[in-house]
């Protein structure tokens, strides 16, 4: 998801990586953007700095760990997201001046009797991966005898604790306080510990021009009192409480979030159609190569299918979007990375289906065609393919359904498809059960329509 600022006299455009759903630092609107009136401390601060220093910015929204990886890979120029300044991060990041200081607190369910760390022995504690809270939890887990479980978003982590799957959670104090004010059924039972400064950062030794602009802007905000005004707005003022939907029924949530849901569904369908079309083309090529007389083509097909079927799709997505730019020296657009991921992953499975479909045709058909003097590829096109296609159609349609569901994995790199849209909406209204029910029903409806289409095609081909 890319969002932009709108300064009047911009000199240069920078790509800034940030996280989703990390109130009060980042607060997305219902459309998953940071274009709203109350976008959070850091976004509002960045708006002011960009105007004052004369630059534009595009925001790339992803998980916190992904922002750090993208920064190192050169996909983004700077990173932010309530990022604590630590010695480990200083080795790879040049930090801006700090504009906030926060610490780690422990929270438990409202009815829990746990009040101190010594009561966590043998229990599970939830943390957000890559954060100062996770670092702290790992530093004391052996001392207090608890296990650590990791999540990518605070809201999912909090719900896990509220549902009784973990005894407690460690999180940044301001973030937990904001969540509790907005309906999270947890209570904070410790004082802030391990306080650290919060800042933005650039890759070490690079983008010093941007770093200087950020530092100058932060200094200006502090000197004019604007910084404290922004912080107070989200910790003490009207923006400290998220606007919630007045009608919290399932139908009420659908009506109030219909635009965001339709946008997410549209992105999912676009990814599915384009990704499936390219995957089909790629898979057919692999399948035909796989049954080729030439051992070289057959071997290449087998190796490609083996690699991409064996690689988890989420790993492939991160490799293409975050890993490859550091090798090729160019950034890869988010949508392009998603399409490439689907094409390679689903194409490998389709290649195996196509190869198997052709090989399932009775060997006698090959021999009869060749005995009539038909060349290899003419026999393939005229005799084998028509029969093989009938065999493979059910599997191909099933793979299309899998492609639709697999688009949800792309939310990990920030693609604003249906699942990611649901995550953003839940961060706004805290209605996890109802929203995931709505998202699930939408997927089932689309998959049902695809299944009916599959049955229709099979009847026509019978």
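Counting starts with 1 at the first residue shown.
Including glycine, each Cβ sits where the backbone N, Cα and C put it.
Since we're looking at a predicted model, the values are computed, not measured.
Listed ranges 370-390, 433-453; the one TrEMBL annotates as transmembrane segment is 433-453. When TrEMBL is compared with the stretches 229-249, 334-354, the one noted as transmembrane segment is 334-354.
Sequence-distant contacts of the transmembrane segment (269-291) (same chain, at least 6 residues past either end, Cβ-Cβ under 8 Å): 297-298, 300-302, 304-305, 335, 338-339, 341-355, 357-359, 380, 396, 399-400, 403-404, 407, 410, 415, 417, 446. Listed as Cβ neighbours of the transmembrane segment (303-322) (distance under 8 Å, sequence separation of 6 or more from its ends, same chain) are residues 66, 69-70, 73, 75, 286, 290, 332, 334, 337-338, 340-341, 344-345, 347-349, 351-352, 355, 406, 409-410, 412-413.
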